[in-house]
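Enquirer: So that we are looking at the same thing, I have put the structure below in structure tokens.
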Amino acid sequence: MAETRADEVGLERSLTTPNDLPTTQRSSSPNGPIESENDQHPIILPSDTQTPQFQDLNHVQTNFTTASNKPYSVFTDGQKWFIVIFSALGAIFSPISTNIYVPAIPTLAKAFNTTTEKINLTVTIYLVFQALTPSLWGSAGDSFGRRPVFILLLSIYLLSCIGTALCPTSAYWLLMLMRVLQASGGSALIAIGTGVVADIAMPHERGRYLGLFNLGTTVGPALGPLLGGIFAFTLGWRSIFWFLCIFCACVLIPMIFFFPETLRTLVGDGSLPPPLINCTPAALMRRKRELRELKEKGEDPEQMTSKRVKFNPLASFLLFLEPEIALIFTWSSLYYAFWYAILTIFTTLLEDQYKVNEVVIGLCYLPGGVGAGISGFLTGRIMDIFYQKEKRRVGGDHRHCPDDFKLEKVRFMILPYHIGILLAATIGLAWSTQTHTHIAVPIILNFFIGIGTGFLTTTTIYGIDLFTGQGGAVTATFNLIRCALGAVTTSTVQLIVNRMGSGWCFVLLGGICLLATPMPFVILRYGPGWRQKRRERNEEQRLKETNARNVTASTR
């Protein structure tokens, strides 16, 4: 297989692993036999080429290093796990804050001398901004870099938690405002973190990293009520937000010092010096020396990465116009709303049917979080196995062999098991509480509900496979749809239960979800053709841009 040497394209330099990450392992030499994402079809450049061209970020392929003997990312496995773990810790604040003070709603109503309905409105307003703000920040992360946006959002979230903890009980409007700021700071962290995983992980290993990352989005909703119940019952409602403040600070401070920039349009495979605002303190001290070394070799760092993606706050909305994204995200969001409905009503069902206190209610949520954690981890591993098996069958991944690689079949293979478990366990839990069976029954079923949430990992990975360079915008699109539908179910599920009972309520909601069953089958049938048309449009656009540049150069 023909290979291109790094010195032939002006990229010869030491791939020194960033020293600001706490690890003892070093990246392998760039001249070693490291698997590259373009192993199947290396890009061959002439020896006088000084500006390597990266692949199109907006659609099928990831921006990767052009030399075939260089790794996809200079980060070692240990450093990747560090990056993913801290991304997951940051992302947990969005789901955990949604319902962490649900057990304290009666206490808050008394403290603020208002009605329970008005306190419930603070949960609804959080969900509304949780749906909207990632659309803005996700695109910002795809343009300006993951690190500065991550740190900015965590800072906003930290300040809003302090404001909520200090909120006077005579200012209900201030409680609402702080919840809006909490949602604005915390909700987009999932989109930014998913973009980080897409930056550092190749397609055949995304499952394991995203499986870990998605623990936050699935465990958070179950962990929130437990922590909220314990704090509200023992230390009062303000302690909930002081806890979130301390937790956020414990994540933010290490991120400021150690979390590297990963956006490939800025740092390539991770070896290029990032812009000033994207530097860790250690990278900032090394930056001047690295830039000087590059200039001595006649290299321009700005020409060694592809053009920065233009900031487009509408990117998430435009992605929804793509048929695969619209169908799979709408289908998954229906089941997400179905899951969130049982999470919301579970507190009321336990309190009404079993007369338990806040701490016991919180403990009853814990099996769901354990199940979600197990499901996220196993789902990612299983998806990687399926992907690698298909890659061996066709001799390449879905970008190098798009006509032969059955991407939809590989990614959707595990979905029926998730959905079947989720439907059966949720409807069973609703009926078990209505018929007042032993409390152990709904607790056990809650564990299997958590197992069924693995569909969130599957859907996210498929979306990133389609638009890898827009990982933040893809996740923001999914977040927008699922939170919007989740807000509908959380605001109406109590009314439906009051009229029909919990059992028939979830039979109805499950039936609505089943009506959307044809959507994944439509993608299986037409998805490859849609991707082919998109590749052709992209190629035409690249040819037009190339011709325009040639015309401009010839007229000079």
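Heads up, the Cβ atoms here are built off N, Cα and C, so glycines get one too.
Feature annotation from TrEMBL assigns compositional bias 'Basic and acidic residues' to 1-11, 537-547. Annotation source TrEMBL lists region 'Disordered' at 1-41, 537-556. Here TrEMBL flags 14-31 as compositional bias 'Polar residues'. What TrEMBL lists as transmembrane segment is 81-104, 119-137, 149-175, 181-202, 209-233, 239-259, 314-339, 359-383, 414-433, 439-464, 476-497, 503-527. For 83-528, the entry in TrEMBL reads domain 'Major facilitator superfamily (MFS) profile'.
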Enquirer: Okay, the transmembrane segment (181-202) and the transmembrane segment (359-383): do they have at least three CB pairs under 8 Å, pairs separated by 6 or more?
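Expert: Contact between the transmembrane segment (181-202) and the transmembrane segment (359-383): absent, because fewer than 3 Cβ pairs are under 8 Å.
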Enquirer: Under an 8 Å Cβ to Cβ limit, what residues of the same chain, 6 or more beyond the ends of the transmembrane segment (239-259), are close to it?
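Expert: Distant contacts of the transmembrane segment (239-259): 20-22, 82-83, 86, 89-90, 93, 96-97, 100-101, 104, 147, 150-151, 154-155, 157-158, 161-162, 164-165, 227-228, 231-232, 280-282.
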Enquirer: Taking the transmembrane segment (149-175) as the reference, which of 119-137, 314-339, 414-433 gives the largest number of Cβ pairs under 8 angstroms?
Expert: 119-137
Enquirer: So which of 81-104, 119-137, 314-339, 439-464 is most in touch with the transmembrane segment (181-202), counting Cβ pairs under 8 Å?
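Expert: Stretch with the highest Cβ contact count: 81-104.
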Enquirer: Quick one: DSSP breakdown of the compositional bias 'Basic and acidic residues' (537-547) into helix, strand and coil?
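Expert: Looking at the compositional bias 'Basic and acidic residues' (537-547) with DSSP, the answer is 11 helix, 0 strand, 0 coil.
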Enquirer: Using a Cβ distance cut-off of under 8 Å, indicate which of 119-137, 209-233, 314-339, 414-433, 439-464 has the most pairs with the transmembrane segment (81-104).
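Expert: By Cβ pairs under 8 Å, 209-233 leads among 119-137, 209-233, 314-339, 414-433, 439-464.
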Enquirer: Looking at 119-137, 314-339, 414-433, which one has the highest count of Cβ pairs under 8 angstroms to the transmembrane segment (503-527)?
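Expert: The stretch with the most close Cβ contacts to the transmembrane segment (503-527) is 314-339.
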